[in-house]
């Protein structure tokens, strides 16, 4: 067998191992197809294994070990440490001390240890409201719906993953308004019952759909002035794969299944959806539809709107669903596209039928180093025009490149690794003249038939070299994906040492991409500089994470060492508002795939036009005239 083919097959095997670790902490995932189990088969929800006041699994976190190094606990993501001596990241702490003045002797550990430690705002309840709620819950319990009014469940369902939300959960005494009740339906019929019962009592009850709780747009933040009882409808117990149709290459699944669970279920059938957002371990199919999501491999498989064939969406006016799973229709404006990106304000997505592909025979990682961000952008543009865009193609600026290097695990042979790293750095800087303070890196993932991948790899390499790119190798490409999974854990680690960080994204034409990055960085720096007590300049890292013929998706990470700052959240909000203003000034979208939520809705009318806002309100009124679905996202106010 040729060496290249052996390497690519090994790469696929490693990725399969990685997914098993993601699912079960090193254990093989226990999944049962709907065809093999009755509808009443017990289901387990993920929240028990995840943090209530941060990101990810309870058994996985970054911490300072006895040697003073940053280490990752648990057994997950084990394949990332393949060949490493241990699970430490010895370069991360020194980098953080230099880049953001992180001081591990100054701690800001969470003061709230349990959700029960927080106070929650309670809306006044009249005798009539109490009676309506009791009747509603009684009807649901009779229908077999699980119900909870515990503070722990309510707090967990009242937030997403924005920096401000997690900061308040860690440090504030008052959690504000959270859902009053949480319910877990197990079928489409139960969701219909929940929506119908709530609609009958719309003066006293309202609903907020809940998927994986991974949003970063304040989409789950309850409206503080909502006087009705707020019921969170958690789809986490609806995670069955209902049908796999290999002849027509579609899958029908319930909305509560996570991306990783769906990936594994399809892989066992030799198929893949190919939709892999950064949050795919925890985000759900219904959440993808509701936010109009995008995945890391959209170049090969498409965004969520390209994958959807049919939907079932429960609204107060009935269930939306097409009669047939046709591959394309011309039957007037597509109502599915009204639901895609509707962020829970029009209905509850219960099922989706999606296009699937054969599981790729070959997967190859690679990376390229460019002398400047401008060189990298030019290379990505040519790759796009040449029609050889790989499944994933991302360009990191110098700051993110440096952070990626700091995330290297400890090598099993320090001497050999040190010599090789020195030789590589000497070649890049002395012989090729790259400046370590301006170079950037692109990560590449290619999937498909081995010969097609080899041809694509050749084309991409040739184009990269035409733009002064150097081959960085598969290991750096894989580390780029490790960065994707660890970044939110890194955020939570930094919380403990007076550092707040956040990410946001946008889409912009090619012609404006570099200016946009420049203007965002300038806006953040200038706004932060107005705070006299800020001792360290903000950290800002950007990457181009998606490419299109007409433009790119730009992803921004920024963070602030807030030690000594009186009101860090006020500073943080001012900084982000300045960044959004810079986006708007450069003709960029308010969001590429995170959605609007409540975070950016004040900019929405100017971004889409007043008539378009009227259309949104019109659809809302047609499907939900009493505002039973009261998440309050997108629209300027809950109606």
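The backbone N, Cα and C atoms fix where each Cβ goes, and this holds for glycine too.
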Fill in the blank from the handout: Between the ranges 33-52, 53-72, TrEMBL assigns region 'Disordered' to 33-52
Exercise for the section: Can you check how the pLDDT averages out over the domain 'FAD-binding PCMH-type' (175-359)? Expected result: 97
Practice task
Taking Cα atoms as reference points, rank the binding-site residues 278, 344, 347 by distance from residue 491 (substrate binding site) and give the first.
Solution key: 278
Fill in the blank from the handout: residue 555 (active site, proton donor/acceptor) to residue 293 (FAD binding site), Cα to Cα, whole Å, comes out at 14
Practice task
Specify the nearest of the binding-site residues 278, 293, 344, 347 to residue 394 (site 'Important for enzyme activity'), where nearness means the distance between Cα atoms.
Solution key: 278
Exercise for the section: Note down the number of other Cβ atoms within 10 Å of the Cβ of residue 394 (site 'Important for enzyme activity'), including every protein chain shown. Expected result: 26
Handout entry: DSSP-derived class (H/G/I helix, E/B strand, else coil) of residue 491 (substrate binding site)
Key = helix
Completion exercise
Here the 10 Å Cβ neighbour count for residue 284 (FAD binding site) comes out at 30
